[in-house]
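This report concerns only the one structure given below.
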Amino acid sequence: MTTTSRLPVSSTFEGEERKHYDETNFDAEVASYAPRLRGRKLTVSIAFVAGTGFTLFGYDQGVMSALLTAGQFEKVFPQVVVDSSHPNHATLQSFVVAVYEIGCLMGALSNLWVGDRLGRRQTIALGGCIMIIGAILQTTSYSYAQLVVARIITGVGNGLNTSTVPSYHAELSSAAKRGALILIEGSLITFGVMLSYWIDFGLYWASGSSAQWRVPIALQIVLALVMVFGIGFLPESPRWLVKQNRNAEAIAVISALENKSPDDVEVQRTYHAIREAVAIEDVNSSGIGGKHALQNSKRSPLRKLLVGGRSQHFRRTCLAVINQCFQQITGINLITYYATILFQRLGLSDVTSRLIAAANGTEYFFASLIAIFIIDRIGRRKLMLFGAVGQCITMILLAVLGSVRGTGAQVTSAVLLFVFNSFFAIGWLGMTWLYCAEIVGLEIRAPANALSTSSNWIFNFVVVMITGPSFNNISWGTYIVFAALNALIIPVVYFFFPETAGRSLEDMDVVFALAYNEGVSPVQVSLRKDVPLAGSPEADRILGIETIDKKVVTLRETL
């Protein structure tokens, strides 16, 4: 093993005089942390566990769609029955669905403080356990109030998971494969939606038992158990480990992920880039070196998000928050949560509407697979623009057809709901979970993703909450509102969203620092091919390491 990794370095490179580890002891320490799985087996296992978390997410989103009009569900919860004698029940129906997002918001916001304290693995396990408790309470509900509380609890767990799993998976993935791997998670959201639709449809025939709705809700416990137990066999994120000064463990994880020895050049370069990024984040955030960098490391998570300068924390956090907001204002959950009801509004029978809703979820899943194969070749920006344009046009057509009566218009509208799902699946489904993990720096990744995920749940709540009353009041005009919102997305993405494809997470620090130094848009810099790789001397100069702290510049020579 080379001497490059003999020295565990604090994230600020300040404090007491650094002490050299005995080479043999350090080798033994690295070996003791070696994960049981390596290379492809480890990558597949991480993708499976992370994917299970997002399958659970999708299942939770879709399961209520058909249950809202299931006979046994309406019998236990008459507050969700919307008819001419109870028009105000449209709000109660929307609320029992949307309140789940309030729980998700609470869980995501709690990650501002929990995420970096517990680490990625423990946070995911905690979220899964909370979801299990919430699912049990939902399954055993006998009153509207209990169901509402149970859905809030389940949402808290899901909020923790959705604000952690993408970061965890991104930090354990290579730049070349990261896009495809994270988009697999997006596809598994739709797989969960599809699964819930078909289970709802199958149990629709159990009309004489409360199993008609209790079993679909209870099945999410199985997915949560798989995730909780699975995460126990996986390693922690090396980036989080370096932040905690657990350097030997970080090297062991990087070595296992790349299936190379700890002293391999690529393993050492990755480790050095991560370690350097940790130091730079602290120094840049304070604006000066020395003891102020150490003081900055004690800043509250929210204060760190407001920093500008080379790190551009505030700008990057805003991009993540807006990106998650955009995913929801497209109107996708207008369909996901209310698919069965939307098809019933088109004049279809209970059975037919449920069958077509399940088919819609199936097509949604298969359409999402397309993005996996093109995301790293086409890039993030083009797919987001493609999705927004297609969604806008589809919503306009739905509004036009909604104002026309007739069987032809109804059939075409049903087809357009499939078309909308396809555009969203390709352009926006997994994209936001990937992009938000990529666009922010290491120091703020946990709090920034907590805040951006909170944005997702806030606007998710708004969309789901207003859908019922909106259709009751302005009918097809609802589609016009979402067409306008999709149109708004297009120029914002084009002018303000940098490209992240093909770059490591640390490379994005260089992109934003170079844009800041040159006084140009990060979008322009992200599209250039001459941006130095993180960890190189050229990147060091762009990041301002030489002028901020000489100790960081000479680190490579002293190790």
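Cβ atoms here come from the backbone N, Cα and C positions, even for glycine.
According to TrEMBL, the domain 'Major facilitator superfamily (MFS) profile' annotation covers 46-501. The transmembrane segment annotation in TrEMBL covers 42-59, 92-112, 180-199, 211-234, 320-343, 355-376, 383-402, 414-436, 448-468, 474-497.
Between the transmembrane segment (383-402) and the stretches 42-59, 92-112, 211-234, 320-343, 448-468, the greatest number of Cβ pairs separated by less than 8 Å involves 320-343. Listed stretches 92-112, 211-234, 474-497 were compared with the transmembrane segment (320-343); the greatest number of C-beta pairs under 8 angstroms is found for 474-497.
Under 8 Å from some Cβ of the transmembrane segment (414-436) lie the Cβ atoms of residues 54, 162, 166, 170, 178-179, 182-187, 189-190, 320, 323-324, 326-327, 330-332, 335, 339, 342-343, 346, 348, 356, 360, 363-365, 367-368, 370-371, 375, 380, 383-388, 390-391, 394-395, 397-398, 401, 448-449, 452-453, 456, 497, 500, all in the same chain and six or more residues away from its ends. When each of the listed stretches 42-59, 180-199, 355-376, 448-468, 474-497 is scored by C-beta pairs under 8 angstroms to the transmembrane segment (92-112), 448-468 comes out highest. The transmembrane segment (42-59) is in contact with the transmembrane segment (211-234), judged by 3+ CB-CB distances under 8 Å for residue pairs 6 or more apart in sequence.
Between the transmembrane segment (180-199) and the transmembrane segment (355-376) there are at least 3 Cβ pairs closer than 8 Å, counting only pairs 6 or more residues apart in sequence, which means the two stretches are in contact.
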